[in-house]
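What follows is a short report on a single structure.
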Amino acid sequence: MRGHMIRPDPVCSDKKLPALSTFCVFSFQESNTSSVQAVRCVLKLTMKLIILNDYDQASEWAAKYIRNKILLFRPGPSRYFTLGLPTGSTPLGCYKKLIEYYKNGEISFQYVKTFNMDEYVGLPRDHPESYHSFMWNNFFKHIDIKAENAHILDGNVADLQAECEAFEEKITAAGGIELFVGGIGPDGHIAFNEPGSSLVSRTRVKTLAKDTIMANARFFDGDLSKVPTMALTVGVGTVMDAKEVMILITGAHKAFALYKAIEEGVNHMWTVSAFQQHRQTVFVCDEDATLELRVKTVKYFKGMMHVHNKLVESLPQEPKKN
Amino acid sequence: MPSNGSVSDAPITQFINCRILRDHKLQREDLWVREGRILDPEKLFFDELGYADERVDCEGSIIAPGFIDVQINGGYGIDFSRVSEDVSGGVSFVAKKILEHGVTSFCPTLVTSPAAIYHKVLPQVKVHNGGQHGAGVLGFHLEGPFISAEKKGAHPEQYLRTFRSGGVQDLTEVYGSLDNVAVVTLAPELANSQSVVRELSQRGITVSLGHSVANLSQAEEAVQHGASFITHLFNAMLPFHHRDPGIVGLLTSDQVPAGRTVYYGMIADGIHTNPAALRIAHRAHPSGLVLVTDAITAMGLPPGHHTLGQQVIEIQGLHAYVAGTKTLSGSIATMDMCVRHFKQASDLVLLDDAINVKATFISGEEVWRKEP
């Protein structure tokens with residue numbers, strides 16, 4: 001039996017919050033357990049704002065969400081789960097949790113393909129600050145992902161343009177991205193799509209904005225001259241093509257960017273705002289990141305947490321490990 | 001699953017659940033080895049799309065590089081300075097036994113002996129790598145006979161020599177061939193020693209200063225000619241004096257040529273050197289410290305009388321004296337005891353927190369493991 005119920009959100013009648021329209025689509029399917037049923041009664045075509053108390057809880061929620069997505073997908077030798085991945089300090093906690101779930105036997109990355117968002121141009125691959133090194137040290141070396149399934153743009157090839165095009169082709173060949181996980185810069189950028197980037201852009205070479213170089217200087221001994229000035233990055237359009245997008249935003253220094261991204265209009269100066277027009281976006285934040293939002297917005301989404309938390313409940317044990 | 005074979009098809013071993021010494025700290029990291037070389041796993045992952053064929057679970061142990069003992073006179077009843085029927089057999093026997101102490105390479109040491117001994121013993125042992133058979137031999141350490149009579153320690157006086165034939169000539173007379181020699185200890189105050197220091201250094205043989213009454217300038221001159229090591233610091237040399245620090249002064253000397261380090265051996269058995277002196281040396285020049293055992297025949301044997309070179313030694317507990325005297329004669333401490341004592345003040349060793357050796361590997365291959 002299938003039922004559809006569309007309930008217009010009372011909040012969206014408030015003209016000040018046009019971006020937060022939420023449509024609830026319920027579909028009833030035959031399932032055995034109530035939590036699986038709840039997960040399948042998922043709010044589709046949604047923007048969800050998930051607010052946790054602190055960084056650790058936000059990281060854990062995000063990791064559980066990813067874990068459940070992969071498990072429900074049931075990846076296998078002819079059916080890979082494609083995951084887009086970010087770098088930086090924000091996702092570190094999430095990676096640690098995913099590693100923990102792998103070590104517990106809850107999840108395997110054997111049939112997962114990953115595509116990283118970006119990489120510096122001209123930085124040696126084994127430099128401790130390259131995104132290759134970041135992914136190896138913080139994620140890949142701790143899990144069972146196959147090297148040939150971990151894709152990161154190479155910022156040291158002769159033809160950067162060809163590298164970008166090849167990356168787009170690899171994503172297409174893999175069947176598109178199921179879930180793209182990303183972060184947000186203090187200037188509202190996603191990946192290295194700096195303010196002013198086209199919202200339909202594809203993977204390409206970008207010159208980094210001053211804000212970004214300053215934010216990254218702390219990884220290069222505080223020396224601005226050591227920070228690379230160019231990077232290869234997936235485009236806003238590339239991420240928009242993903243079936244689902246999850247943005248991690250933690251810390252007070254990201255609060256203004258979050259406000260611009262979800263309480264103001266879609267604008268290429270705050271490129272994360274493009275995801276207001278994506279079918280299925282999840283913003284996972286901590287309290288500090290909501291400091292610039294309206295109290296009304298925060299209360300509304302906090303009130304939904306009991307529903308959203310069902311998405312991260314442990315799934316029933318399957319006899320066959322994925 | 002092995003790599004894509006773009007670099008090598010050899011199997012890769014991954015040591016997991018271990019702590020390794022990196023950047024002067026113990027860190028929880030896996031260690032990857034292929035064909036006796038440590039791999040960069042990041043390169044392996046991204047370049048070769050490779051990962052381990054075999055995993056060794058270290059159960060939380062510390063992995064340390066295999067210990068190298070550059071001063072060991074024998075052990076387990078074997079005396080390297082005594083001619084026997086089977087010199088190389090004796091060296092091999094000790095080489096196998098010291099794996100238990102985590103030693104993966106060593107320099108069999110000969111104390112002051114008559115020329116005949118050197119001519120017989122030296123040609124019988126070649127430099128070779130370690131493996132299942134035992135620790136690798138880096139070359140002989142010839143401690144004497146060109147040393148000071150006043151600081152002979154346990155060395156027999158009748159066989160001490162000076163460079164009376166001019167220097168290099170004496171080397172050939174006494175030692176014969178220097179092909180398998182890694183280190184020579186001599187006293188730099190002896191006349192004609194400077195040309196000897198130069199000659200040995202040019203041949204790639206480490207010149208070590210010891211059993212000497214040299215003052216600091218004589219020692220510095222030797223370093224400038226190529227000397228780079230000090231034999232058991234504090235022992236068999238003039239004590240540190242604030243107006244003439246002697247050989248000990250090399251630790252902080254400003255006359256050491258740029259880019260060169262003077263290393264110093266220390267016997268950290270708790271007997272040869274007071275722990276406070278050990279700490280002073282370490283704090284003055286931490287990067288030069290080399291732990292040695294200076295172990296003798298009796299190492300590994302029960303208390304009683306034993307021979308060392310041409311002399312008789314007496315074991316009392318952990319002390320080894322020249323029989324009938326109170327002159328220390330080498331030590332019977334093992335290398336892991338020294339490391340442990342020092343901590344309390346690939347070639348690889350697995351250690352637990354108390355620095356007890358659990359297993360020894362050479363070139364990634366396990367060559368000894370402690371019985372549970």
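Here the Cβ of each residue, glycine as well, is placed from N, Cα and C on the backbone.
TrEMBL lists B:62-293 with the feature domain 'Amidohydrolase-related'.
TrEMBL lists B:GLU143, B:HIS211, B:HIS232 with the feature Zn(2+) binding site. Look at B:GLU143 (Zn(2+) binding site): DSSP puts it in a strand.
DSSP assigns B:ASN235 (substrate binding site) to coil, not to a helix or a strand. Sequence annotations record features per position, and here TrEMBL assigns substrate binding site to B:ALA154, B:ASN235, B:ALA236, B:ARG243, B:HIS272, B:LEU328, B:SER329, B:GLY330.
Counted within 10 Å of its Cβ, the other Cβ atoms near B:ASP294 (active site, proton donor/acceptor) come to 30, all protein chains included. What TrEMBL lists as active site, proton donor/acceptor is B:ASP294.
Following the DSSP three-state reduction, the secondary structure of B:LEU328 (substrate binding site) is strand. Mean pLDDT across the domain 'Amidohydrolase-related' (B:62-293) comes to 91 in this model. The closest partner of B:GLU143 (Zn(2+) binding site) among the recorded positions, by CA position, is B:ASP294; the full candidate set was B:ASN235, B:HIS272, B:ASP294. Cα separation, B:ALA154 (substrate binding site) to B:HIS211 (Zn(2+) binding site), rounded: 10 Å. Ranked by Cβ neighbours within 10 A across all protein chains shown, the binding-site residues B:ALA154, B:ALA236, B:LEU328 are led by B:ALA236. Taking the Cα atom of each, B:LEU328 (substrate binding site) and B:HIS211 (Zn(2+) binding site) are about 13 angstrom apart. The binding-site residues under consideration are B:HIS211, B:HIS272. Their Cβ neighbour counts within 10 Å are lowest for B:HIS272.
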